[in-house]
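K.L.:
Quick one: structure below, then a few questions.
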Amino acid sequence: MSHGDSIPFHSSSQSDIDEIENLINSDALSATVPTARPPSPPRASFPSAALAPPYQKVPRSFSLPLPPPPVDPSAAGPRPGGGVAADGFGSPTDTLTEPVLDTVKRDLTRIVINLKLVVFPNPFREDPGKALRDWDLWGPFFFIIFLGLTLSWSASVKKSQVFAVAFAVLAAGAVILTMNVLLLGGRIIFFQSLSLLGYCLFPLDIGALICSLKINVVVKIIVVSITLAWSYWAAYPFMSAAVDPRRKALALYPVFLMYISVGFFIIAID
Amino acid sequence: MDRVQPSGENYANPRTCFFHVLFKAAALAFYVLSALFVSSFVIIFVVTVFLAALDFWVVKNVSGRILVGLRWWNEIDEQGESVWKFQCLDQESLARMNKKDSWLFWWTLYLTAVSWIFLGVFSLIRFQADYLLVVGVCLSLSIANIVGFTKCRKDAKKQIQQFATKTIASQFTSSLQSAFSVV
């Protein structure tokens, strides 16, 4: 991403957390599995409340056990990767805006990338692990809220109930679908799956938006069917790859069911 | 021993502290006061949850780094396993962190969660499932940050201890070696 892989192992010229993190990674002392890409800077991953999911490995942790090196002016500038040199290493934090903007930009980029990976055709589709490795829950958050808002706006009565029901059904549905896959003995990471199911709502968002334009019911049905098929097509490879081939249908049917219910919801709202 | 900072009375990062508190307070205030002004539940929900999400992001990415020098995130490695990463500044920088900053950081974190629990109980008593949903989302965000940073802090202490032991051991070995090599 923003910082290179090849930071050499010397301790003299680093004043930024991320550089030192790379150092630790390249250090033989660290016990981590070396990753193919540089360790990412913090991501605004959404509720990470379940810090001990059943499959969690012992967290590999880093600290920075180096004495503060002499401040290197060339490395002390704000870096897009780590943002502010928010440490006691001597380089003062200038303004909050710069690093925040960088972090925001990075997160937004990640949302777009994830969206493209999940919803649109791309070479990584058959390898779900690779495709959504950088999961984040901001995209799904926006899409669920957007869908709820669109449905609520299209509804002529009981607007708040429509919104609350849509949000609760989608959120609970995503969690339940993930648990379903896990209980079927599938191998998928909880948050990755939540993230995936959230991103697959994007076509339905578009469908809901079009349907909110007060059009004919038949046209609505056609639009919703197309977007539904698109959503399902987006979710299919990831879910099916996660479980045993014999249990594929068991994992995929509930997903289909959920999307169809949302589709009906969209059509029925007037 | 004197602190490096001029006095313990001042915040070292007032702007960060301000933002740290701002979104939490805004979410809580909006939720509580909106019942008086706004009739639409949808607006209350969206604005409150949005402020809470913004606060989550700010705490995780900005104020955690600046006020207490901790950071945590999740990665998925090559094998497809989920790995929680924790990171902290080294011993000296941690010791130099402004006490008031970190006091504010931790206490507002806890206070927010407690307030949301309180509001949740309130809405439970009134049988308002809609508002319970809002409270639930905001509460889970607060708790996520609390758990993440607490784990990170514990991990940091452990790392520092390990490093200290390792340093002492290696220094001891090297001094032994140098002693014997001189001879």
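Each residue, glycine too, has its Cβ placed from N, Cα and C.
Predicted automatically and left uncurated, TrEMBL annotations should be read as such.
OK, TrEMBL features for this one:
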DOMAIN    A:131-264  domain 'Yip1'
REGION    A:1-50  region 'Disordered'
REGION    A:62-91  region 'Disordered'
TRANSMEM  A:137-156  transmembrane segment
TRANSMEM  A:162-184  transmembrane segment
TRANSMEM  A:196-215  transmembrane segment
TRANSMEM  A:221-238  transmembrane segment
TRANSMEM  A:250-269  transmembrane segment
K.L.:
Out of A:137-156, A:162-184, A:196-215, which stretch touches the transmembrane segment (A:250-269) the most, going by CB pairs under 8 Å?
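P.N.:
The stretch I would name here is A:162-184.
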K.L.:
So which residues does the transmembrane segment (A:137-156) touch in its own chain, when a touch means Cβ under 8 Å and the partner is 6 or more beyond its ends?
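P.N.:
For the transmembrane segment (A:137-156), the nonlocal Cβ contacts are 44-47, 107, 111, 114-115, 162-163, 166-167, 170-171, 174, 191, 194-195, 197-199, 201-202, 204-205, 208-209, 211-212, 262, 265-266, 269-270.
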K.L.:
What average pLDDT is reported by the model for the domain 'Yip1' (A:131-264)?
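P.N.:
Computed over the domain 'Yip1' (A:131-264), the mean pLDDT is 87 on the 0 to 100 scale.
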K.L.:
Cβ under 8 Å to the transmembrane segment (A:196-215), counting only same-chain residues 6 or more beyond its ends: which ones?
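P.N.:
Distant contacts of the transmembrane segment (A:196-215): 114-115, 118-119, 128, 132, 135, 137, 139-141, 143-144, 146-147, 150-151, 153-154, 170, 173-174, 177-178, 223-224, 226-228, 230-232, 234-235, 238-239, 255, 259, 262-263, 266-267, 269.
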